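What TrEMBL lists as ATP binding site is Gly96, Gly98, Arg99, Lys118, Asp130, Gly131, Arg181, Arg188, Asp281. Residues or ranges marked as active site, proton acceptor in TrEMBL: Asp271. For Asn272, Asp281, the entry in TrEMBL reads Mg(2+) binding site.
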Amino acid sequence: MSTQKNNPDILFNNTYIKYLPELGAVINPAKFNKPSWLITSIDTAELLSSPSFPSLQWLSESSLDWFAGKSLVSGAQPFAQKYTGHQFGHYNPQLGDGRGVLLGEVESSHGRFDIHVKGAGQTPYSRFGDGRAVVRSSIREFLASEALHHLGIPTSRALGVFTTGEQVQRETIEQGAALIRVCPSHIRFGHFENAFHHGDTDLQTRLVEYCINHVLPKEHSDLVELYKADASDVSIEEKTRLLFRFTIKRTAEMVAKWQAHGFCHGVMNTDNMSILGLTFDYGPFGFLDQYNPQHICNHSDHTGRYAFDEQPGVALWNLNVLGHSLSGLLDGPILRAELEQYQPHLLAEYSNLMRQKMGFAKHKTDDRILLGELLSLMQENKADYSIVWRTLSEMDNVIVESNKFTDLFIDRDAALKWLKKYSNRLTIETRSDEKRTQTMQAINPKYILRNYLAQQVIEASEQGDNRPLEELYSVLKRPYDSQPEYSRYAQHPPAWSEELSISCSS
């Protein structure tokens, strides 16, 4: 790598290396001599902007040179993180950033953010991998992270994807690419597992202290009192408890939003779980097409461990693993008491989201029965999850316009029977139908990132045409808007899409 230090107006920090040097290794990323932007996010660039380094400068050719390893920026100290984790339920001590590098941290006008390049070459944790990424996987993660953000689901962000100019050997020869990921922190459950399994209490303590001092949002309701106090007066036990409580709540909120929007992550290993409750490390993800709660989006998940309806339970299992990793700092009964708050918090968040999706401003206990009947109706009729919800949200008079809804079901009589129950329930609402549909359309997206749409734009980009990618990205930035000129992106998926196979290699 060149030692040239360019762009003096931006300064990278490296608190992670300063406080947790043993959790990773300083590396020299691969140098890509012919990088070229494939797609960028001006929204994410704005997150990183400051008066001295505005958003467009993040997307400049000189900035691309840093990401491609051609030059260094002041303060950057590229670092590959070391962590462990449970993969499909089995502990694996040989994990870490196998193809990613943390360039450093940036303090912008909007907060502190890690800058991470995925596909930056081999690291000490690559095992048998080449450390490269390809256009296919990089586009998928870019679109997914940005799509979930605009849906309102907590997620890491993507600044952009660039091609490396290399050819990469996978099942076939593919074009090399790298993703620039932006995140408040890349701390995972697996970092705590690593410290615990090494029996290093000092490292465990420093990891908790680091999260408290540099990672957690000081404005969160559970943390306000902590940050008001003198840190030296707060015990490590209390800090650990508050960190665990925060992560439990954030994880519950994230998973509730996954379930409400029909998102399937596909590989919920503990090393893919963010301490901040962010959707993280996209691979074989997918949104539901036909409503099938047992849907498995990962072709490599042979047992269905990470099926759609298993996600809430898997998240709790993963939180149990995190709790066990904190047991050297906090007593078991306290950890268990905190874990018991996961399910009620998840259910409260999910119930609130589903009431909004149904257009109910008033709370009624029997609403869950009506919801359950609708979900069963969708499953039995193989109805499209997102299209059903969006159609319901566009009906001012649900009885007069009933055909719009019943046409989505094989058993139209059963659909009409449910719709009449729904219409009767709406009579206790005080909002106008116009106001109801407006609020429903703000939570029931018209546009989601279906796998076949991603596949189409990937194939076009691999042939050198990025216009479909740019257009799809533009549509996904406004998922709740009607955008009638792009209605083709909201249609039922074609039959061939059922044959798409997405696995961990994706």
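Heads up, the Cβ atoms here are built off N, Cα and C, so glycines get one too.
With respect to their backbone Cα atoms, the residue listed as 'active site, proton acceptor' and Gly96 (ATP binding site) stand 9 Å from each other.
Rounded to a whole number, the C-alpha distance linking Asn272 (Mg(2+) binding site) with Asp281 (ATP binding site) is 6 angstrom. The number of other Cβ atoms within 10 Å of the Cβ belonging to Asp281 (ATP binding site), over all protein chains shown, comes to 22. All chains included, 21 other C-beta atoms sit within 10 angstroms of the C-beta of Arg99 (ATP binding site). The recorded positions Asp130, Asp271 differ in how many other CB atoms lie within 10 Å of their CB, and the one with the most is Asp271. In this structure, Asn272 (Mg(2+) binding site) is part of a helix by DSSP. Sequence-distant neighbours of Gly96 (ATP binding site): residues of the same chain at least 6 apart with a C-beta under 8 Å from its C-beta are Gly24, Ala80, Gln81, Lys82, Tyr83, Thr123, Pro124, Tyr125. Classification of Arg181 (ATP binding site) by DSSP places it within a strand. A simple way to gauge crowding: the CB of Arg181 (ATP binding site) has 26 other CB atoms within 10 angstroms, across all the protein chains here.
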